[in-house]
Amino acid sequence: PGGVCLLLLLLCQFMEDRSAQAGNCWLRQAKNGRCQVLYKTELSKEECCSTGRLSTSWTEEDVNDNTLFKWMIFNGGAPNCIPCKETCENVDCGPGKKCRMNKKNKPRCVCAPDCSNITWKGPVCGLDGKTYRNECALLKARCKEQPELEVQYQGKCKKTCRDVFCPGSSTCVVDQTNNAYCVTCNRICPEPTSSEQYLCGNDGVTYPSACHLRKATCLLGRSIGLAYEGKCIKAKSCEDIQCTGGKKCLWDFKVGRGRCSLCGELCPESKSEEPVCASDNATYASECAMKEAACSSGVLLEVKHSGSCNSISEDTEDEEEDEDQDYSFPISSILEW
């Protein structure tokens, strides 16, 4: 009798261990309540939930691979999904996030950056070229979807470097879309290893590499832009210039040079687009429509100012004043940062 009891005890222990191991660990529970994204099979709930992830879930069924495949592909996930975390207790969401119970009484990690040490309460311009109402709003955007987002300067994003105060040793530069950015100029450019690295700038100067063009742009404080790849040549027309990457040569009659530009862009049918006055003194429905006309004619067109050619804003006059003082070439040139 003693031997039988011992055998039964061992059998029960074996079944208990097997049931503890049988189960599947999943990385999330979907809105339909099913487990999705299989992490590992044959794990106990304790082992699965020890990862500490808020979204980790577990299913008890020890099923074969065919059933798992059907669940994931045809059924929207595994049924009888058990979330590892039912409350916010002992949930570590990481820096800048906090665990809160949502409307369905489920724990969720939400963005909650520490904004207590922020001294500047006004709007800021982010590295993405967008204006945020304050630095705390920018930190929330960084937490949600843009981990590399930072403040580049205080105040709203501007179209000119006037009144832009860049932090540290960075310098204000106007890019090809006429937006002001703070960049660092003191980079060391390596010597080119191949003649294929040469670039012709929109200023007619040959640069040894893209790094040299970026540095020259930075020191100048506004966009120089890339005309075409290779050394600058004395072209008489666009027929002398070979464009790469699906670009088309547009001729700039003002300076007698060609420039390779991207064409074929479809203009969106949006009523929010602002009309622009182009360098041919014609008004276009949008900047995209102007580029479309330029690609069609083969003649380079630049934005003189926003709005129709019959109206000139004060900001435009300021920008034109800056252009005469600093640089005689167009500021809306293409700059490949």
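Glycine residues also receive a Cβ, built from the backbone N, Cα and C atoms like all the rest.
The feature compositional bias 'Acidic residues' is assigned by Swiss-Prot to 314-326. The disulfide bond annotation in Swiss-Prot covers Cys25-Cys48, Cys49-Cys84, Cys88-Cys99, Cys93-Cys109, Cys111-Cys143, Cys125-Cys157, Cys185-Cys218, Cys189-Cys211, Cys238-Cys249, Cys243-Cys260, Cys263-Cys295, Cys267-Cys288 (among others). Among the features that Swiss-Prot reports, domain 'TB' is placed at 23-96. Here Swiss-Prot flags 87-110 as domain 'Follistatin-like 1'. Annotation source Swiss-Prot lists domain 'Kazal-like 1' at 105-159. Among the features that Swiss-Prot reports, domain 'Kazal-like 2' is placed at 179-234. What Swiss-Prot records for 309-337 is region 'Disordered'. Annotated signal peptide per Swiss-Prot: 1-22, in sequence order.
Here the features listed in Swiss-Prot are placed on the structure.
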residue: Cys25; record: disulfide bond; Cβ within 10 Å: 24
residue: Cys84; record: disulfide bond; Cβ within 10 Å: 22
residue: Cys88; record: disulfide bond; Cβ within 10 Å: 16
residue: Cys109; record: disulfide bond; Cβ within 10 Å: 19
residue: Cys111; record: disulfide bond; Cβ within 10 Å: 15
residue: Cys125; record: disulfide bond; Cβ within 10 Å: 23
residue: Cys143; record: disulfide bond; Cβ within 10 Å: 19
residue: Cys189; record: disulfide bond; Cβ within 10 Å: 15
residue: Cys218; record: disulfide bond; Cβ within 10 Å: 21
residue: Cys243; record: disulfide bond; Cβ within 10 Å: 19
With DSSP as the yardstick, break the domain 'Follistatin-like 1' (87-110) down into helix, strand and coil residue counts.
0 helix, 9 strand, 15 coil
Rounded to the nearest Å, what's the C-alpha distance separating Cys260 (disulfide bond) and Cys84 (disulfide bond)? Just drop the number here, would you?
57
Cys211 (disulfide bond) to Cys49 (disulfide bond): how many Å between their Cα atoms?
49
Whole-number Å distance separating the Cα atoms of Cys48 (disulfide bond) and Cys99 (disulfide bond) is 20
In chain order, residues whose C-beta lies under 8 angstroms from the C-beta of Cys267 (disulfide bond), counting only those at least six residues away in the same chain, are Ser286, Cys288, Ala289, Glu292
Local confidence of the prediction over the domain 'Kazal-like 2' (179-234), expressed as mean pLDDT
85
Please report the distance from the Cα of Cys111 (disulfide bond) to the Cα of Cys295 (disulfide bond), rounded to the nearest angstrom.
45
